[in-house]
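Student: Below are the features listed in Swiss-Prot for this protein:
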- 72-157: coiled coil (COILED)
- 217-387: domain 'Helicase ATP-binding' (DOMAIN)
- SER161: phosphoserine (MOD_RES)
- SER963: phosphoserine (MOD_RES)
- 1-51: region 'Required for recruitment to cytoplasmic stress granules' (REGION)
- 1-104: region 'Required for the pre-miR-134 transport' (REGION)
- 1-200: region 'Necessary for nuclear and nucleolar caps localizations' (REGION)
- 1-58: region 'Disordered' (REGION)
- 53-75: region 'DSM (DHX36-specific motif)' (REGION)
- 53-105: region 'Required for G4-DNA- and G4-RNA-binding' (REGION)
- 106-386: region 'RecA-like domain 1' (REGION)
- 387-628: region 'RecA-like domain 2' (REGION)
- 629-698: region 'WH domain' (REGION)
- 841-905: region 'OB-fold-like subdomains' (REGION)
Amino acid sequence: MSYDYHQNWGRDGGPRSSGGGYGGGPAGGHGGNRGSGGGGGGGGGGRGGRGRHPGHLKGREIGMWYAKKQGQKNKEAERQERAVVHMDERREEQIVQLLNSVQAKNDKESEAQISWFAPEDHGYGTEVSTKNTPCSENKLDIQEKKLINQEKKMFRIRNRSYIDRDSEYLLQENEPDGTLDQKLLEDLQKKKNDLRYIEMQHFREKLPSYGMQKELVNLIDNHQVTVISGETGCGKTTQVTQFILDNYIERGKGSACRIVCTQPRRISAISVAERVAAERAESCGSGNSTGYQIRLQSRLPRKQGSILYCTTGIILQWLQSDPYLSSVSHIVLDEIHERNLQSDVLMTVVKDLLNFRSDLKVILMSATLNAEKFSEYFGNCPMIHIPGFTFPVVEYLLEDVIEKIRYVPEQKEHRSQFKRGFMQGHVNRQEKEEKEAIYKERWPDYVRELRRRYSASTVDVIEMMEDDKVDLNLIVALIRYIVLEEEDGAILVFLPGWDNISTLHDLLMSQVMFKSDKFLIIPLHSLMPTVNQTQVFKRTPPGVRKIVIATNIAETSITIDDVVYVIDGGKIKETHFDTQNNISTMSAEWVSKANAKQRKGRAGRVQPGHCYHLYNGLRASLLDDYQLPEILRTPLEELCLQIKILRLGGIAYFLSRLMDPPSNEAVLLSIRHLMELNALDKQEELTPLGVHLARLPVEPHIGKMILFGALFCCLDPVLTIAASLSFKDPFVIPLGKEKIADARRKELAKDTRSDHLTVVNAFEGWEEARRRGFRYEKDYCWEYFLSSNTLQMLHNMKGQFAEHLLGAGFVSSRNPKDPESNINSDNEKIIKAVICAGLYPKVAKIRLNLGKKRKMVKVYTKTDGLVAVHPKSVNVEQTDFHYNWLIYHLKMRTSSIYLYDCTEVSPYCLLFFGGDISIQKDNDQETIAVDEWIVFQSPARIAHLVKELRKELDILLQEKIESPHPVDWNDTKSRDCAVLSAIIDLIKTQEKATPRNFPPRFQDGYYS
């Protein structure tokens, strides 16, 4: 219930609701609640006494009667469980005085204020009604002036003089320089006498691409866009850029050449740049010809006559500062067949850019299978193919493997052949359904064909096996066969995820054979400690066989030279976004033909190899050519903001021009979410908040959390949380030590009931250990199962975020630990409130279920009903919560719907940083609700005070976003300081103050 007041605030003179004024009644009164749901035990008529159903009901009606009665019980239980929002008399009087003091100022301003949290009621397009109002022309003039002022503010925000550190290299001029041209030519000629260069030249000459150098250079010179396709190992990534640069230098035009080559992964950008530098007998970066730039890390080449390898995101960042990429002569988009979201967007941007940069050369490099599609997208531009350089690889399908090793599964019962088939997980795609129908239709004919070519026992096993599961026992049997019957060589096993990798590792280690020092078994996954994974690149001593168990990271991101045998499990973990239910899903999908080809190629790098595909021939014939492009299976909010900050036009229009446009439903859902976040106005233009969020290199909700961390002066811990959510948390899980790792994580959690604060505690403990020296840092990471590399990355990201905030004016120092930005960093509840401000409306309700044996907690969301906290969370076994609400970062459906990264939050967190507030009465219970479903008990006068204080917060936050500057906490008489202090005080003192539980401290040789 809203209230338009014209009187002073006070305990007896406050706004009155339909239920009366503020005069009497205790702040948390419950009188009469229990009576409302009692009585009526036999009120159903007939023989319904003692809670039994009426006698005239039959069959389904009886069930419905009991269901209705249970629903009433649940509703009443929920009423009784509601937390009470209260404040003591002293704070109530202080807030009344505060609201009175700002009343006069607010009366002079328009009442059409913008709420960050309830854009349905207020927005940038809100109009003040002028009908039947005296002096309406004057009001219209005022509104026009406000709109003009708004445009001026937007101009200032957009054009604030701040250049991201990652963009500095691009903005260096690239003018032709005759003196430099001559020097570059002389340096290249000298290199040809350098023994290191000569040695590398011998290697380069063996690559298939080297023999096509003239043809490639001529094609690029004579066309604005060229598509180059080639197999793995042909040399296209390392050689084409060098061909272009050397051609320019030899023609005396070296200073005019500045090549930028994009890579889909950080590791690729670094490794390729270092390889090219080595081939040119140079060190990487240091002002030489070749360098790299990835987020927060770079070794930059010289300004002109150079090659820069960078991640795709770096170029998208550059476009904010220079939309024409005016200093770049050649842009090479590599690995475009992977179809990640950023590369798809960049292709469309570059396609538009060609209309303004006739001098820009664009080279698209892809695997062979779909080069034609890219050529068509760029107006049928010319294509050229470079043959691969791999040894022959013998391929086997599932039926071949079973016949070869005579495998018999443990389970003898006949399987349900078509239980799920192509419809893995919950991915509801029409193509998958169609392929499932085809598979089912063709299966009988395929079995008859198998019986003509394979033994009866093999066909029986094929029919017996579960088609939708990876048979790990089969993989163990196949590895044993290779070890005992085949020649030496490393074995690479592809599995979809951590659970499969862990289980296979355990199965192997349970056998005496694999426990010996004749085997080196290496799991390869992002959750594994990096130090263990470095062994994967080292060749083993004679007599030792290496077995690598990996996800699809080993398809393209890394090369293991000594692999001879590849076991393709046939599955890949893929994330999709269900627009109808607004939920991400992750499931094990069948690999595509492109995946299978990449996996096969891993076996033939240094000698002839073998590839075992663990799916049958019918399945192989129906595999998709490629994985679904990322743009079609991911939320689009961050991309929508990028489109607007780059001024690429209307969101839906731009996205419709991509090679594979996302669905209208996905686009509209993302736009709606951004409007709810108040990042876009009703005309789909960026709001001041939207501009700031678009410039932060994170997802919008995390960006909002960062801004609130600055405004509420708890910057350092909030930046740690933001970095972790946008990159990954620093925890690792060594195989066999999962339970110990979980215990250590809960130890770091202390009593916070927060995954987010657990990461903060881990990070702060690492910082303290690092200050003491390398040995202490190493011991700390070892004891708490932390990755020092990830922690260092989080540290670097925090510095980048602070740079953004300084450039935008939100803080006065680029140091995340600046005391002025961390006044409230030692209070857990303020940090939780800021987490809530960023992640809302990702809220779940906790309900305690008192079972006969032990307490249990059930968790519900508004849209999904019953969900589960992810097993990795510190809250997974928690039953003693202070409050009934969790805020979470990610909701994903796998085997169940899981909440990832969750934190317990208090009522005041949700009231001040949640959605729209309403004041209601539920029977005899006075309530205050957030978005109508998060309901608390509250006396009416307290509810009105909270609602009015929230309005003041919304006004203040909007002013801070439009004109960013740090809060002056010393100016206690200012409105900003008074409003924020009052809210902080309420959050800090609800129930009882909760001091931060700090990370383990090093004492007497131990962390405690």
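Backbone N, Cα and C define each Cβ position, glycine as well.
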Student: For the region 'WH domain' (629-698), what does DSSP give as the number of helix, strand and coil residues?
Tutor: 39 helix, 2 strand, 29 coil
Student: What mean pLDDT does the predicted model reach across the region 'OB-fold-like subdomains' (841-905)?
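Tutor: Mean model confidence (pLDDT) across the region 'OB-fold-like subdomains' (841-905) is 89.
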Student: Please work out the number of neighbouring Cβ atoms within 10 Å of the Cβ of SER963 (phosphoserine), leaving out its own Cβ.
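Tutor: Total other Cβ atoms inside 10 Å, all chains included: 12.
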Student: If you run through the region 'OB-fold-like subdomains' (841-905) with DSSP, how many residues end up as helix, strand and coil?
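Tutor: The counts are 0 helix, 38 strand, 27 coil.
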